[in-house]
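These notes concern the structure reproduced below.
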């Protein structure tokens, strides 16, 4: 009889325990998709000939010791800017689990990768773009005359002194408007249509990614303003960046300056400005420029001075705190 009572109590206890577990499971809220290391990784998917070498070397590589972070270059095979889906997965997995390197600043000529597609929160994305024709001209003459960064290196078009005007008039490859289709794809990402020259969907997605996935995108002409914004927005990486940038001599503050550039004539400019690819890239540039200008003015209370930005007090405070 005693054994039967104990058996009943035993099964009753098990039933209550199972019931409690079920209730806890039903009442528990699903955990948010939080990646604790997301704020410890900055990705700068840099675009060629936009001042990216200056920004990377004069800021990231100069400040990593003082601010205590790692800097890593993402070297893309055969100068590709996109990865296969498996490579995207391993890339996301590698940099989010490589805890020994955190906090980390990654940079490389690679199109935007959306970490959220793999169930992980995106890191801090930043970038810099340049007026599209200026960027193309810089790249065109860079291939022929090189720059002030790696002086002894012979470039692929060395000895070819054809001007951009001459190239454009004969329909040359180096000055083809397909060569201008580069900044939109970098922000569009890895969808198949991103690299399709002149695809309107690529422009739409690029704009959307800038708004939703990037912390900040600046322009080459306002690099100093961008550095000031980053210093107060991501101080763990960019503390002291503006003062350091201002202390650099002219050569270090403008690395990879193309040695010789010949401005195109009015006829060439007129034809390029009517080209649909240029119009789209220019629309994207203006979109970024206007967005950055609005962010900067808001951050500086309309003063629009980088020097004042790092000194401005907070525009909010906490009060009525309970428990006191």
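Here, residue 1 is simply the first one shown, and the rest follow in order.
Even glycines carry a Cβ here, placed using N, Cα and C.
Here Swiss-Prot flags 107 (among others) as active site, drawing on similarity to another entry. For residue 107 (active site), the Cβ neighbour count at a 10 Å cut-off comes to 21, with all displayed protein chains included. Under the three-state DSSP scheme, residue 107 (active site) falls in the strand class.
For 109 (among others), the entry in Swiss-Prot reads active site, with the evidence type similarity to another entry. With a 10 A radius on its CB, residue 109 (active site) counts 18 other CB atoms from all the protein chains.
According to Swiss-Prot, the disulfide bond annotation covers 167-175 (among others), on the basis of similarity to another entry. Other Cβ atoms within 10 Å of the Cβ of residue 167 (disulfide bond), summed over all protein chains shown, number 18.
Remark: residue 194 (disulfide bond) has 82, 111, 184, 185, 188, 202, 205, 206 as non-local neighbours, by Cβ distance under 8 Å and separation of at least 6 in sequence. Per Swiss-Prot, disulfide bond is recorded for 188-194 (among others), and the stated evidence type is similarity to another entry.
The Cβ of residue 75 (N-linked glycosylation site) lies under 8 Å from the Cβ of 108, each of these being in the same chain and 6 or more residues away along the sequence. In the three-state DSSP reading, residue 75 (N-linked glycosylation site) counts as coil. The N-linked glycosylation site feature in Swiss-Prot is assigned to 75 (among others).
In the three-state DSSP reading, residue 94 (N-linked glycosylation site) counts as helix. Note: residue 94 (N-linked glycosylation site) has no non-local neighbours, i.e. no same-chain residues 6+ apart with C-beta under 8 A of its own C-beta. Residues or ranges marked as N-linked glycosylation site by Swiss-Prot on the basis of sequence analysis: 94 (among others).
Feature annotation from Swiss-Prot assigns N-linked glycosylation site to 161 (among others); the stated evidence is sequence analysis. Classification of residue 161 (N-linked glycosylation site) by DSSP places it in coil, neither helical nor stranded. Note on residue 161 (N-linked glycosylation site): other Cβ atoms within 10 Å of its Cβ, all shown chains, come to 11.
Swiss-Prot lists 1-6 with the feature topological domain 'Cytoplasmic'.
The feature topological domain 'Lumenal' is assigned by Swiss-Prot to 25-324, with sequence analysis given as support.
Residues annotated as transmembrane segment in Swiss-Prot: 7-24.
In the predicted model, the topological domain 'Cytoplasmic' (1-6) has a mean pLDDT of 52.
Take the CB of residue 175 (disulfide bond) and look out to 10 A: across all protein chains shown you find 25 other CB atoms. Here residue 161 (N-linked glycosylation site) is compared against the recorded positions 107, 109, 167, 175, and the shortest C-alpha distance is to 167.
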